[in-house]
């Protein structure tokens, strides 16, 4: 009996060892086998979408491919025929279709994040102007206008440099949601940091502290008695500071009014420039697609700002713009910036009055005329046309060609579009004033943390209080200025691109080209 028990025990032990080895082998190969099954399943899923030609006994597949990849696809099909020792080759034929093709933009690890910003708004139609090309520069620049501090920009650059240096390590491992989002936009953050350093040098702010990096200040004291004065007694003794804001402006009574005026006017100039770029792109979109479009550029206020800066005038631009509409024939007096300004303002005012009905009425009548011509041309057909050709024409044009033209509906639609554009010309320009507001808020917060935390702790002459002050200053700078302010400026720059810029020309009602790829399976697994 004992020998029988020993034999059973040995058999059970051998079975357990075999079971353990088998489970370990399965566990080792499970991921690879699972991946192969997913690949095979995806192949059969794609084959299920093919149609069968019963007469020729073959499978027919229709799909999209980039034009530049046609030769590569033909070579791969030929090589597959040879490798599989097939007696029948694959026929690759380019079809002509009226369907709108998908959109494909070739991107790399640097440009892909910027393209994702645009795609989040909407996928471009086929051959529509891609805002992603301009977004690479304009997005980080508008962010930097609101985040201008070269000290904060350096901190942001050092943080994103870590992700760029370690990108091979991070790309091969599982990341958290926030870390993965930051890693995916590492090159966007890098560009934002570089532009923040640039605008910070223009604002002359390093954690709100000015430096004479490009030479001495243009201003000096009238006499030695005002050596420590920062509010009065300064006169211009040298040439203008060569780059950015003169450091002597910081700490003076006129600092806030000066920076307010500078940043507000700069915001209007940047806004008008970007919106006019959008309108110009809308013209090229319409010209390419064959649609009529009126070009509407605006920016008289921008002209006045530039002229005032160039000649150093004390003219009140608010007064000029308000009374341009209220009393266009009154004498400008001290608010005249250049010869012929009054005549130009009257011409622009009359042009604005003419532009509104010009935007409203001609387009509905032109569309009606086009519809009548198109409908008249389709009422006749050659007698020798076969039934198949007639059916093909009917499918091609669709039932919309026989619908009645609703002139009132088109007129109301154009009226809405005209009102939207006229009001948007003002509201969108005002929306760019967020550049001024956030830039001022960032500068003032940075100044408060420096003056009321760091300098205040330094004034106690106590090492313990100084350490606490430095700790609080670092936490406030990182938490508020480098995290919250970065997110705030990012979202505001995103809104300016989606609404004020892309809204002028970008329809974004296309669909993305999604080719069959095993790499997409790996992305889904992650």
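Cβ atoms are placed via backbone N, Cα and C, with glycine included.
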Of 441-462, 463-484, the range TrEMBL labels transmembrane segment: 463-484
Positions whose Cβ lies under 8 angstroms from the transmembrane segment (186-203), at least six residues beyond its ends: 109-110, 113-114, 117, 136, 139-141, 143-145, 147-154, 156-157, 159-161, 163-164, 167, 213, 243-245, 439, 443, 486, 490
Residues of the parent chain within Cβ reach of the transmembrane segment (463-484), under 8 Å, 6 or more residues beyond its termini: 149, 152, 155-156, 159, 207, 442, 445-446, 449-450, 453-454, 456-457
